[in-house]
Amino acid sequence: MARKFDIQKFRNFGIMAHIDAGKTTTSERILFHSGRTHKIGEVHDGGATMDWMEQEKERGITITSAATYVTWKDCELNLIDTPGHVDFTVEVERSLRVLDGAVAVLDAQNGVEPQTETVWRQASKYKVPRIVYVNKMDKTGADFKMCLESLNERLAAHAVAIQLPIGAEANFNGIINLVTMQAYMYDGKQDEEFKVVEIPADMKKEAEEMRHHMIEEVVNFDDEIMEKYLNGNELSEDDIKKCIRKGVLTAEFFPVVCGTSFKNKGVKALLDAVVDYLPSPVDVPPIKGYKDDGSEILIKNEDDGPLAALAFKIATDPYVGKLTFIRVYSGVLKKGSYVLNATKGIKERVSRLVKMHSNNREEIDEIRAGDICAVIGLKDTVTGNSLSSEEKELHLEAMNFAEPVISLAVEPKTKADQEKMAIALSKLSEEDPTFRTYTDDETNQTIISGMGELHLEIIVDRLRREFKVEVNVGAPQVSYRETFTKEADSEGKYIKQSGGRGQYGHVFIKFEPNPEKGFEFVDKIVGGKIPKEYIKPIKAGLEDAMKAGPLSGFPMIDVKATLYDGSYHDVDSSEMAYKIAASMALKEASKTAGLVLLEPIMAVEVTVPEQYFGDAMGDISSRRGSIEGQEQRGNTQVIKAKVPLKEMFGYATDLRSFTQGRGNYVYAFSHYEKAPKSLLKK
């Protein structure tokens with residue numbers, strides 16, 4: 001079957017931002033103006049198409065990444081709407097991995113906010129080209145120039161305006177396109193009708209200055225056009241667009257546009273910018289893959305290449321069961337065919353292929369390189385697994401996710417709920433890699449862990465609504481960690497003789513701190529003192545032992561272990577014996593390696609009216625917080641601080657109380673830090 005759209009006409013992009021910047025509203029307008037929906041859904045009344053979970057409709061926030069596709073100007077746009085709340089950054093992370101471009105949405109009143117910084121960092125990690133859309137230009141306090149400054153100062157982003165707003169706040173009624181030097185004046189109707197007119201006389205000088213600045217910045221990306229410009233020749237519209245596009249593709253230059261999605265102003269111009277400047281799958285560099293022998297290969301977005309796809313999200317559909325969202329990087333995948341899950345080494349059947357419009361399904365026969373769709377029928381595939389053909393096994397780079405920082409105990413209310421709860425928790429942890437569940441060996445309680453209080457609140461809510469499981473919930477607990485602060489050499493020797501074959505494992509391991517680098521294992525065995533087949537079990541033995549540290553039973557992190565000596569027995573040595581010997585060495589080292597307890601520290605940003613500034617500062621200090629900075633935004637004060645997660649429990653209630661409901665805050669995990677001794681005693 002031939003392609004409906006040439007691969008160069010594809011745009012795989014995400015919409016990302018801080019909570020409440022207007023991502024979902026912008027997505028809804030994109031669906032409406034591209035003809036995908038015939039009625040605009042609103043977030044505030046629970047009618048948004050992209051927010052389809054009950055919890056999303058109630059809370060007016062986006063929890064999962066809804067995927068949809070639209071057509072605009074002969075291009076097919078795969079659009080992913082991602083959450084802005086810090087507890088759901090995993091959704092942003094896995095979406096960015098499979099997208100080619102992104103639109104970063106800013107609130108015109110607030111500019112760059114904490115979660116903007118987080119998602120921007122994530123996008124930079126994957127070198128995702130971006131356009132910035134300054135939304136809510138009609139809002140009181142909207143300030144386009146402040147947004148530009150905050151992009152350059154807080155994100156160190158090379159951001160340049162390619163549009164200018166005409167008016168602001170209640171008087172926002174148009175946009176100046178600096179590429180074409182035309183003004184779009186809106187008549188206020190719902191369908192974003194606008195007239196193309198001359199630039200208002202009182203803005204002509206500013207527009208010319210901003211255009212000059214834009215051209216000076218963008219000609220750097222094309223030598224030929226730069227020469228033309230330096231020789232005093234006038235640049236055409238196509239010349240400027242070509243330079244902007246080249247700049248965007250470097251993922252180091254970010255054009256800035258503006259509008260107000262709720263009032264339907266600027267969305268069509270944003271769609272034009274997506275088509276004009278964001279990359280197609282063939283514009284981005286080939287991705288790295290690995291053959292079954294471990295050798296590296298570059299995978300190009302080509303239909304006639306070998307099949308290479310990545311599962312980036314699992315969702316449960318009430319009608320068809322498990323949906324596996326995939327991005328195809330190379331080759332063609334047909335419904336009814338078999339694929340190899342290269343990560344797990346198993347064969348799976350593709351029963352059906354569906355393109356998603358929010359939570360509605362559209363059946364398709366095949367999916368080609370560069371496209372995104374959902375697969376029905378993959379029973380064992382999970383997030384991060386690589387899919388390829390059986391004939392040519394290919395592995396893509398795995399996806400890494402943050403460890404949970406908060407836990408709580410849940411118990412079923414009735415015997416009937418017990419079995420249902422186990423199945424439900426298994427499904428939920430399959431969908432969300434940052435959600436973990438396990439049984440505490442000592443108390444026999446079921447523990448659930450996640451990225452924040454809201455994350456776990458949503459999980460418990462889903463247990464009740466989707467899976468009809470009633471549970472009692474314990475108080476939240478912080479997920480502490482343990483680590484070494486000094487070097488230590490230790491020996492682990494495990495010998496067991498009890499008739500017949502014995503057990504023998506003997507190791508010498510040097511342990512040392514490995515700040516913020518996780519667990520690192522180094523094999524320095526020479527001369528065959530320990531046979532090669534026992535090296536992996538030694539590493540596995542250490543990893544198992546580190547799951548429950550010697551100090552308080554919390555997982556150990558940031559430790560480097562160097563295996564440098566040992567011995568073996570021809571008959572009695574076994575994998576199990578070396579696993580035990582490794583754990584004995586770790587236990588021995590903990591006596592002299594300065595074992596300490598670490599607690600999670602959160603980066604907190606509190607916004608309060610000026611009259612509550614002193615109260616807010618005092619409250620943060622009382623929570624063992626350290627003030628990092630403050631700034632004034634309009635008539636509010638913004639306080640930036642680092643506060644231990646343990647001290648943040650109940651903060652929302654307290655803040656609401658002393659600010660009469662006028663204060664708000666956001667927080668994100670920052671790092672682990674040595675906990676005070678008083679905490680250890682507790």
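Placed from the backbone N, Cα and C atoms, the Cβ positions cover glycine too.
Database features, via Swiss-Prot:
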type	residues	note
DOMAIN	8-282	domain 'tr-type G'
BINDING	17-24, 81-85, 135-138	GTP binding site
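Around the Cβ of M137 (GTP binding site), the number of neighbouring Cβ atoms within 10 Å comes to 27. Mean model confidence of the domain 'tr-type G' (8-282) amounts to 81 (pLDDT, 0 to 100 scale). The DSSP secondary structure for M137 (GTP binding site) is coil.
There are 29 other Cβ atoms within 10 Å of the Cβ belonging to A17 (GTP binding site). Secondary structure at A17 (GTP binding site), as computed by DSSP, is strand.
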